[in-house]
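Data block below; observations after.
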Amino acid sequence: MTTLSVSGLNVWFSTEDGPLHALKDVTFDIPERRIVGIVGESGCGKSTLINAILGLLADNGEIRNGEILFEGQSDLTKLTRREMQDLRGPRISTVFQDPMGALNPVLSVGEQMINIQYRSGQSKAEKAARAIEMLKLVRIPDADSALNRYPHQFSGGMKQRIAIAMSLMMEPALLIADEPTTALDATLEVATIELLQDLQEQIGCSVMFISHHLGVIAELCQDVVVMYAGEVVERGTVRDVFHDPRHPYTRRLLECDPARQTERTRVLPTIPGEIPDLRHRPEGCVFAPRCLERHPGCDMAQSERMVAPGHAARCNLVDQSAAEGESA
Amino acid sequence: MSDDPILSVDDVQVSFPVGGLASRSAILGVAGVSFQVRPGETFALVGESGSGKTTLARAINGLQEISAGSITFEGGRIDRLGKREMKPIRKRMSMMFQDPVGSLSPRMTVGDLVTEPYRIHGSDGRDLRAETERLLSLVGLPANFASRYPHQLSGGQARRVGVARAIALDPALVIADEPTAGLDVSVQGEVLNLLNDLRERLGLAMVIITHNLHVVHHVADRTAVMYLGRFVEKGETEAMFSAPCHPYTAALLSANPEPDPDKVHDRITLPAEVPSLLSRPSGCEFHTRCPWAQETCKTVPPPPGDVTCHFPLAPGARPPELESAR
Amino acid sequence: MSEAASNPPAAARSELWKSFRRLLREPLGVFGLSLVVLVILAAVFADVLTQWDPTRINPRDRFLGPSGEHLLGTDQLGRDLFARVLHGGRIALYVALVSTAISLAIGIVLGLIAGYGPRWLDNLMILLFDATKSFPTVMLALALVTIVGPSLTAVVVVVIIVNVPGYARIIRTQTIAIKSSEFVTAAQSMGASNARILGVHIMPNVIGPLVILASMDIPVVIAIEAGMSFLGLGVRPPTPSWGSILNDGFSQIRDTAWIAIAGGLPIIITTLGFTFLGETLRDVFDPRLKGR
């Protein structure tokens, strides 16, 4: 079963300077028990996507068409505010870059972890035991006494781990993790990734992991969705996409990753140019203005093309190279 | 180019008072650090949050008082200078701050921002409009950007404006605090290329502060790794990357996820959390997290030197538990 | 996220124009703006709008009701009330604008110094602000008038003393919030003088909310002027002021209600106008509502 299936999602914002097409025909799946990475640079629409899924779009935002199917049955775009509220938390939970967004500074960690179990119907002692169990799972030392401490008494890495513990406490079907390791130092980042991996296996949930860090995606995720300017430009398994990137944007992004540059160089690769103004999307391929492989065919609107089963890219070069491959 | 250092930092300490009136004490944010930067050289300070690298940079720039040691710039002591005596130094040494957009005054245009140094130090009869164009073209921005406001810039563009402002007065030394922070990967390269290029063209010396080792690799001639306000390792960047001697450096280097799903990571995982500056560990301060720590490390401080470790690593050393697992 | 980085190079003027357009979309704002414009125009063109001299006494025409000749009737001395209301508006607006401008200038300077200066100075200034603020306005007015006698200047001074502590406090708080931001540190690192940091880098970023607050304070100022004139502490007869018209109206209220209405109505209109305008301006400029 597919935990989350987004298809043909279009989100528009009305702005003073005209309508803005923030997400265009976004389609991807998050299969059960898989970790799917969403990669993209600023302005690619990651935040809009999260908000659309959670039903938290700003007032001037609107889902024009498309559906977001959760666990094969409920279309999240059609749920009422109330129904959505019941899903958020127990079924779909979130972890953000800043753990303090999830932690209340004036309540002890224990109180907060007990409070979020308000639906469970257990006794307070049982809830506290569950909280301690979760804290142990995220490797908080001295979990029993940690319950009585306040968020500011923990280091940044521990706060993020507590936030992760809280988000997984209700054993959600889907965890949306929005750059949860970006604010952490390198040594803590890898520790947190390893922890997330373990927890996901134990709880058996699906994870939508948003990051701009390709290395983290490669290590943690099984599938990857590459976004650019509000469109999915390429998607597939991490292995397919990272070993055989078919969209020029994906290729350039991978080249730019500093970790790929193992040799010392004074000239690092870059992607010149800026993302287009989403109020005036280019007629054809959205990446064409910055693409080195641009040719006349790019002036037409691009549809998603299959490269291989489960690997798709929104680029007309895919057909060409496929044709070349056949003729060769 | 002479070999006399342009900047010399000698055993500098920065302490911060903590606690209330009853239990007043001080913590050492920077606990005795020495290094030199020669003209035209790029020196990198690497460390994780709380390691004291930004405090040290601010101390060099005279924004933070030091509690011990000395800082010499172009042959003269600059620590403990008053505001007025420091002003001429500021023409020769500029600083770039972390937040590309946030370090630009929000109500000033790009044109006013890049020529702000002239307004402070006098323009010496320069035509500010021409100067704006020159500076913008040096950092690769079109001249019409002069009328934009910071909030109308992308992170990369804002960073370029910051660079233009930092080099406006033709300084001898530029201190860059996290020059790639908050920038997309495709833009990080642009900024580093720009810094490298300007350094060569203008003969700048640079001190780059970062937590990102990749940045260091491509721009720095020499690198120092900071931990709890001290250097644990200092040396040529190339050598450090190929054969780190301090366990902390080795751990940092191994903690870099690469965009290759099939890569086998034999990673040095650091157990435990970073200790608090309020209660520094005894002996070698890294021993609480060091996979190689021995009994000596818990009690005896490591000998001073470029690598402050009792047992510097042999090239390619693996942590004991990984070693035994093989 | 939704904001694309590549806006066309829009200058600050178009920012202001956008805010103005947003203002025009708010019915309450348009209503407030119309009232304010009406009051200003009436005061400016007082001489054109009526032929009557507001101070000319005409005992034969006392207590006349509204008519084509005297639009709002006449008072107990036979003066044309419409002319007095229009000219009284000049006084009210003059006091409001002059005293608000001076209060703003003093408040901004004191607030910047308190917020950016050393801790002891800040504490001292806060003490002074609070001490001044705790003084009741009426007592302050009485004390001042006892010393210098009733005059327009006395009104202006009272308003300044009443307004400055609040303005200074707002600027101080904003300054403290902003002084550790990176662009201020950057200015320090470039060697900018304190005056330059305060004037060029901090002030433009802290005065916005204050200007809006001050526009909402204008009715209060007008009320102070009217109140002091009503009590005989402000504008002296025969100069027309809404407060003194109101005072006349009260003493004559058994004979005719017109005078009190003529004095009260402009105060109500102006108060409503500036309040609606100020509140809409606050919403229009609120960064949280902006640009999304």
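Including glycine, each Cβ sits where the backbone N, Cα and C put it.
Among the features that TrEMBL reports, transmembrane segment is placed at C:28-50 (among others). Residues 71, 80, 82-83, 86-87, 89-90, 92-93, 266, 269-270, 272-281, 284 of the same chain lie 6+ residues outside the transmembrane segment (C:28-50) yet bring a C-beta within less than 8 angstroms of a C-beta in it.
The domain 'ABC transmembrane type-1' feature in TrEMBL is assigned to C:89-278.
TrEMBL lists C:91-117 (among others) with the feature transmembrane segment.
Long-range contacts of the transmembrane segment (C:137-162) within the same chain, counting only residues at least 6 positions beyond its ends with a Cβ under 8 Å from a Cβ of the stretch, are 91, 94-95, 98-100, 102-103, 106, 221, 224-225, 227-229, 231-236. Per TrEMBL, the feature transmembrane segment maps to C:137-162 (among others).
A Cβ distance under 8 Å defines the sequence-distant neighbours of the transmembrane segment (C:210-236), meaning residues of its chain 6+ beyond its ends; these are 91-92, 95-96, 99-100, 103-104, 107-108, 137-138, 141-142, 145, 150-152, 154-155, 158-159, 162-163, 167, 170-171, 242-244, 246-247, 250, 263, 267, 270-271, 274-275, 277-279, 281-282, 285. If you look up TrEMBL, you'll see C:210-236 (among others) marked as transmembrane segment.
Under the heading transmembrane segment, TrEMBL lists C:256-278 (among others).
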Who are the long-range neighbours of the transmembrane segment (C:91-117) in its own chain, taking Cβ under 8 Å and residues 6 or more past its ends?
39-40, 43, 125-126, 129, 152, 155-156, 159-160, 163-176, 179, 194, 197-198, 202-203, 206-207, 210-211, 214, 217-218, 221-222, 225-226, 235, 239-242, 266-267, 270
